[in-house]
Every structure is written in C-alpha cells, then in structure tokens.
Amino acid sequence: MEPRASVTSFKDIPVRRWSLRSSCSLPYGSFANSLASLAPDAEEKPAISPKRAYVTMFVLCYVNLLNYMERYTIAGVLTDIQKFFDIKDSTAGLLQTVFICSFLLLAPLFGYLGDRYNRKYIMIGGLSVWLLTATASSFVNESQFWLLALLRGLVGTGEASYSTVAPTIISDLFTGGKRSIMICIFYIFIPVGSGLGYITGRGFASLTGDWHWALRITPIMGAVGLILMIVLCPNPPRGAAETHGEGVTEQSSYLEDVKYLLKNKSYVWSSLGVTALAFLTGALAFWLPNFLSRARVYQKLSDKPGDSSDSYIFGAVTVATGILGGALGTSLSRRFRDKVPNADPLICAVGMLGSVPCLFITIFVASASIPATYVFIFLGELLLSLNWAVLADILLYVVVPTRRATAEALQITVGHLLGDAGSPYLLGVVRK
C-alpha cells in the first residue's frame, strides 16, 4: 500500500503565469502549476534528506546501467548465437523484437500502477522477474531457440516496470536545474550500459569459450542492485519536489489521464521524436557490430564474421558518445533555456537531423575503411545522444506529477511499438 503523506491537489496551488519573454520564463510547454518553475527562489523543504536523495540516485543509475547492459549483451555475441542455433539474420533479429514487444505491452500496466501504488515495490517486483528470466535464458541448448526467445520476452517485464517508474522518483527528489543534471546522469547510463553490454558480453564469451556466460554476468550484478534497492530506495510523495515535500494527489481515471496527455501538444510531439530516435538507435545498436565484422571480411581484413574487436570498439564508442552527448545536450539546454523558450526541442531536432548524413556516410565508407567508418559512427552517435536526457526532462516538466508514470509508459509503448520493436527485425529482413 502507498504510505500516507501530507498531500495537496494541483487545484489548490496558486498559479502565477509568466510570459515567454519574461526573464524568469518557463521552459517551452511546461505545465503552469509547477511550483519549482513558478517559484524558483522559494525555500526548498525536501521530502527526504539530500544525502538520501543522492544515495537513491546512485542505486537507480546502477540498476539502469544493468538494464541496458543486459539488453545489448546479446548483441555482443549475436554471431555466436546464430552459429549455435543455426539461424538467419531475420530470425536472430526476433530476439530483440520479442524483448521490446514484451517491454512495450507491459509498460502501460506499470504506468497505471506507478501513478497509484508504491513505486518501490513495483520496481522490486519487476527487477526480481528480470533476474530470474535473464538467468534462465543463459541455460538454453541448441534445440531450444523458442525458449530463448520466450525468456527474452519475459526479461522485458523488469525493464517495463523500472523504466516507467524510476524517472518519476527522480523528479520527486530534485527540481529545477538540479533535476536536469540528475536526469542527464540517469539517461547517460543508457548508452553507457549499452556499450558495456557489448564489451562484457563479448569478453565473457571469449574468456569462457561459451556465449551462455555472457548472459550470466548481469543477473549476478543485478542481485546486488535488488538488495540495494530494497535497503536504500524510498518512495517519495508524488510531486514532492514541486510542493516542498508535501506531495500531490489527484483522483482521476486512466481514461482521463490518457485524454490529458493526448491534449498536451508538447508531450505528443516529444513522444514522436522519441519514437524516431528509438527506431534508429534500436536497429543500429543490434546490428552495427555484426555489420562492422562483415565489413572486415569484405575488405579481407578477417577470414570470417565474428571478430570480437568490433564489439569492444563499438561498445567503447557507444559509452564515450553517450557520456559526451548526454552532458553536451544538458549543458546546451541549461545555457539556452532561459534565453530561447523552445531551446530543448531545437537541440533535439539538430541532433537528430545532424546524425543523418553521418550515418549515411557510414554505410558507404565501411567497404573502404574501418577507421573512417568508426569516425562517422562516433559523430552520428554523439549527435543522437544529445536527445536522451533532454527528451526525458521535457516529459517531466510538461506533465503533472500524478500522471508522469502513465506518460512515461505511453511514451515507451508508442516509441518501442513504432520504433525499435520492429527495426532490428526489419533490418534483418533487408539484409537477409
């Protein structure tokens, strides 16, 4: 059950509206009743101590790192898996597709629960399912590809519960510029975890001579994360950061929440941007190491696909661009937000559009020069990484606290359904 706390409704909060030309203007599209934005000079009375907030932030980032390590570990050993099960590219692409499908189908359920019940318990339950199914997937044999696919789908349960709820907890621990920084740090662990997934997956497979061990390292680390979450993570009142620790409650049906979000233009357009980003990054993340390995064979730099160096290098590039791009995107946002009301969507648009020529060039130079290919991959991923933290911050300041988990869930569902749920498989079909 949700612990009782001192709460207030947004209907009771006095509204002060600022012009977009005001020196203390709101971020573009932000909801009018945010006390954090409307009264930035007011004395803050956090619901929990700053020290505990930072400890919670550490635990949430650690688990987020593991989520994305586990998601892309399988991509680091994809060539080994194809050989083990004797499957084609299109079938191999289904491993990521079933994971994403499970993730997106369950996200609305956890979004509904996350706006109404104890968020800590929801994350603990989801993470427990994730640990069990991820561990089980590492014990399949060559005649059980269907079981591997099923378990990969069930692994999505953990990420669906965590990804919808964790950002809303961060939004209730911090506000203003500090929240932007914390969201940036949290989302930096998406590319960092993805990159480490390639590296650890390939590394443990090479070390043990068995790709199954690549799928066992993250559950071991995840057990530590589960214990830390149980012991250290609180469940702050919703809207605590905006109401100086009091929290916000607002009784509404799920249908009313959805209608509210569909009328929120900033939320709708930013969600479409997330969808486009997910489609592109999902396909790139799953297939690029394999693509680079085959490019080496084409250039006669290697005898057969599966050169482990590509997983290591691509993983390192993903980590570096994730950190640099996330930090750069947030820095630009904080610098220009007060001067340019729509700075955040402009940063995202520049990053997305700027990555297009870099990725096109990557396709054509791969047949001639591997180093040049990595240069353009670096530039393309750097520009794409400008988006992650900024898009997440946009959602938190354009949606009221009592509907943020639902907003996260619907954005995840649409973004993955029309994005990376199908893009790995579609690209596999094209390359078949």
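Each Cβ is built from the backbone N, Cα and C atoms, and glycine gets one as well.
The shown structure was predicted, so the numbers you read here are calculated from the model rather than taken from an experiment.
Here TrEMBL flags 53-74, 94-114, 121-140, 146-169, 181-201, 213-233, 267-292, 312-333, 345-368, 374-400 as transmembrane segment. Annotation source TrEMBL lists domain 'Major facilitator superfamily (MFS) profile' at 56-432.
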Determine which residues of the chain contact the transmembrane segment (374-400) at the Cβ level, with the cut-off under 8 Å and only residues 6 or more beyond its ends counted.
10, 26-27, 29-31, 33-34, 37, 167-168, 171, 179-180, 183-184, 186-188, 190-191, 239, 248, 250, 260-261, 264, 266-267, 270, 273-274, 277, 280-281, 284, 288, 313-314, 317-318, 320-322, 324-326, 328-330, 332-333, 344-345, 347-348, 350-352, 354-355, 358-359, 361-362, 365, 407-408, 411
Determine whether the transmembrane segment (267-292) and the transmembrane segment (121-140) share at least three Cβ pairs under 8 Å, counting only pairs 6 or more apart in sequence.
no
Need one number: mean pLDDT over the domain 'Major facilitator superfamily (MFS) profile' (56-432).
85
